[in-house]
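K.L.:
Sharing the record's features from Swiss-Prot:
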SIGNAL    1-20  signal peptide
TOPO_DOM  21-279  topological domain 'Extracellular'
CARBOHYD  N56  N-linked glycosylation site
CARBOHYD  N217  N-linked glycosylation site
CARBOHYD  N278  N-linked glycosylation site
TRANSMEM  280-300  transmembrane segment
Amino acid sequence: MRLLISCILILSILVNFISGHAVLVAPTPFSTNPSKTKLCGGGTKQTVAQITWCPNSSKTNRATWKIVVGDGAGAVTFKLATNGGTTEGDFTTTLTSKVLSGSDPKEVGTYYMDVRVPTGTTCTGTNGICTLQAYTESSGWYSCSAIKLDSSACDKAAEETALVEYNVQVKDNVKFCDQVVNKVVLLPAGTQLGEYDQRTQGVFKNNMANPLVIGQNSSQCGNLYEKVLCDVSFPLAPGSDGKPIYQVTQKQCEDFIEVCDVVSHVELYPCSIYGDGNGSNLIIIPTLLIISILSLILMF
């Protein structure tokens with residue numbers, strides 16, 4: 001499970017190659033880039049709810065917080081602006097939250113949190129939305145997301161909003177990262193495969209054009225970077241031994257660093273993780289078995 005989370009963590013580093021180091025992942029925030037900009041981490045304010053939560057203090061809602069680099073550590077506080085605002089005075093409701101791992105985020109990794117909304121809370125903002133704020137008081141990272149509150153969400157288990165497997169079988173769904181077609185991948189619940197694939201392609205194009213990210217943007221570099229980026233953007237479900245299944249080898253990752261001249265940022269690309277997993281070309285795991293394994297993972 002740690003290796004799986006590490007794989008997903010790399011996605012954040014590659015997609016958000018900036019100085020920020022902690023960010024809300026789910027519900028989808030105004031900005032997917034980690035930021036210390038008060039009070040919502042920058043980005044564009046959403047006018048449509050990203051998710052519907054349960055307004056009942058006896059029920060839990062799932063949020064996902066990610067620390068990309070160590071300076072993003074610290075307890076995460078959740079507040080709610082029921083009027084949909086984003087100013088200091090709007091965030092009047094502090095929500096109760098608990099990290100599933102049992103301790104506050106202290107190191108690089110992905111953290112799932114159960115968040116409770118006081119019973120009877122209603123959203124009065126435009127389109128019936130509230131603004132959810134998540135921030136670390138000790139290290140000062142901020143994120144916000146537009147959400148709705150409705151009792152219909154109270155019947156859904158919080159676990160459903162953690163990780164969900166997708167059986168990618170239709171090629172039209174994933175065109176850029178077509179290496180995952182007909183594969184079972186793990187992505188946050190609610191992810192639209194086509195949109196996610198397009199966003200990954202956009203990240204690829206932007207980074208290839210940015211010399212601060214990719215030092216040598218040759219065609220050989222592009223081929224290597226595409227494989228690495230798609231592998232971490234669409235992590236495959238783990239094998240029967242619990243280890244992640246990678247579609248990139250450690251050698252390919254190291255070649256990417258060298259050919260693309262990203263040696264100065266080598267700490268952001270832990271190629272050693274590829275030596276701990278299984279190559280997808282060597283192991284074929286039945287879909288039913290993968291889903292069973294995933295179900296066990298989500299229990300812990």
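Using the three backbone atoms N, Cα and C, a Cβ is placed for every residue, glycine included.
Keep in mind the model is a prediction, meaning the values are calculated, not measured.
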K.L.:
Write down the Cα-Cα distance for N217 (N-linked glycosylation site) and N56 (N-linked glycosylation site), rounded and given in Å.
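P.N.:
The Cα atom of N56 (N-linked glycosylation site) is 52 Å away from the Cα atom of N217 (N-linked glycosylation site).
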K.L.:
According to DSSP, does N217 (N-linked glycosylation site) sit in a helix, a strand, or coil?
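P.N.:
In the DSSP reduction, N217 (N-linked glycosylation site) maps to coil.
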K.L.:
On the 0 to 100 scale, where does the mean pLDDT of the topological domain 'Extracellular' (21-279) fall?
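P.N.:
The answer is 82, the mean pLDDT of the model over that range.
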K.L.:
Within 10 Å of the Cβ of N217 (N-linked glycosylation site), how many other Cβ atoms can you find? Include all protein chains, please.
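P.N.:
Taking every protein chain into account, the count is 17.
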